[in-house]
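Database features (TrEMBL):
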DISULFID  C6-C85  disulfide bond
SITE      R15  site 'Transition state stabilizer'
BINDING   D20, G32, D34, S36  Ca(2+) 1 binding site
DOMAIN    69-144  domain 'Plant heme peroxidase family profile'
BINDING   H140  heme b binding site
BINDING   S141, D158, T160, D165  Ca(2+) 2 binding site
Amino acid sequence: FLGFSCSNLAKSSIRLAWQDAGTFSIKAKNGGADGSVALFSEELLRDENRGLNTTVNGLIPIANKYQESVADIIQLAAAAAITFCFPGPSVPFFIGRKDATSANPAGRLPDVYDSVTDILQNMADKGFTPEETVALMGAHSAGRQRFLDPSTSELPLDTTWDELDHQFYIDTLAPSPPPGTFRLLSDYNLARDPRTSPSWITF
């Protein structure tokens, strides 16, 4: 399904895994990697999940064929994709996730226009420290902008978009985006905020 390469489908699988797991809330005691983004159209059709339909449509038949939860298959695809996009040790993977019985609430995922304070509060409710939040932003190194600005659709977020590496952190620290790339406002702010910049520059 993923083609054993760091393809657009592999990168989409990484994004899908986060969009599913990122709905977790410590305070609400629900959400998380439960397959809801793929199982309920009301969640898949939210703005933050645009462009994931093809990936979802490819993974659900696999879950059905092997009688595994959609939640597990989403995370398995991401684990495989990370291996394809970042050659190195295999990502440990454990099965046993249960599929959701309803869509997760809207507003659980950080938004590109959120302030750093809002992002850090959101991530803290998932159990992540500011340092861990910065580390997770590294997934953007294999990302592209598709919907924020139609005039620059498909521009990558760093100059080595075809692999997961640390170049994203370097490019985001530059005064302006390198030619042929797009910069998310949230990434720009996280790279410069005193609560997160010390971690940012270590990558």
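Using N, Cα and C of the backbone, Cβ positions are placed for all residues, glycine too.
Location within the structure of each feature annotated in TrEMBL.
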| residue | record | Cβ neighbours (10 Å) |
| --- | --- | --- |
| C6 | disulfide bond | 22 |
| R15 | site 'Transition state stabilizer' | 19 |
| D20 | Ca(2+) 1 binding site | 30 |
| G32 | Ca(2+) 1 binding site | 19 |
| S36 | Ca(2+) 1 binding site | 24 |
| H140 | heme b binding site | 23 |
| S141 | Ca(2+) 2 binding site | 27 |
| D158 | Ca(2+) 2 binding site | 25 |
| T160 | Ca(2+) 2 binding site | 15 |
| D165 | Ca(2+) 2 binding site | 17 |
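A gap of 23 Å separates the Cα atoms of S141 (Ca(2+) 2 binding site) and G32 (Ca(2+) 1 binding site). Taking Cα separation as the measure, C85 (disulfide bond) is nearest to T160 of the binding-site residues D34, D158, T160. Distance from the CA of C6 (disulfide bond) to the CA of G32 (Ca(2+) 1 binding site) is 25 Å. When the domain 'Plant heme peroxidase family profile' (69-144) is classified with DSSP, helix, strand and coil residues number 38 helix, 1 strand, 37 coil. Residue density at D34 (Ca(2+) 1 binding site): 24 other Cβ atoms are found within 10 A of its Cβ, drawing on all protein chains shown. Here the Cα atom of D34 (Ca(2+) 1 binding site) is found 15 Å from that of R15 (site 'Transition state stabilizer'). Apart from S141, D158, T160, D165, the Ca(2+) 2 site neighbourhood in this chain, defined by C-beta within 8 angstroms of the site C-beta centre, holds A142, T159, W161, E163, L164, H166, Q167, F168, D171. DSSP assigns T160 (Ca(2+) 2 binding site) to coil in the three-state reduction, placing it in neither a helix nor a strand. Residues D20, G32, D34, S36 make up the record's Ca(2+) 1 site, and a Cβ search at 8 Å around their centroid adds A21, T23, F24, G31, A33, G35, V37, A71, R97, A100, N104 from the same chain. Confidence annotation: the domain 'Plant heme peroxidase family profile' (69-144) carries a mean pLDDT of 95 in the model. Checked against D165 (Ca(2+) 2 binding site), the recorded positions C6, R15, D20, S36 differ in C-alpha distance, with C6 being the nearest. Secondary structure at D20 (Ca(2+) 1 binding site), taken from DSSP and collapsed to helix, strand or coil, is helix. When the recorded positions R15, D20, S36, D158 are screened for a Cα within 10 A of the Cα of the residue listed as 'heme b binding site', the ones that qualify are R15, D158.
Other Cβ atoms within 10 Å of the Cβ of C85 (disulfide bond), summed over all protein chains shown, number 22.
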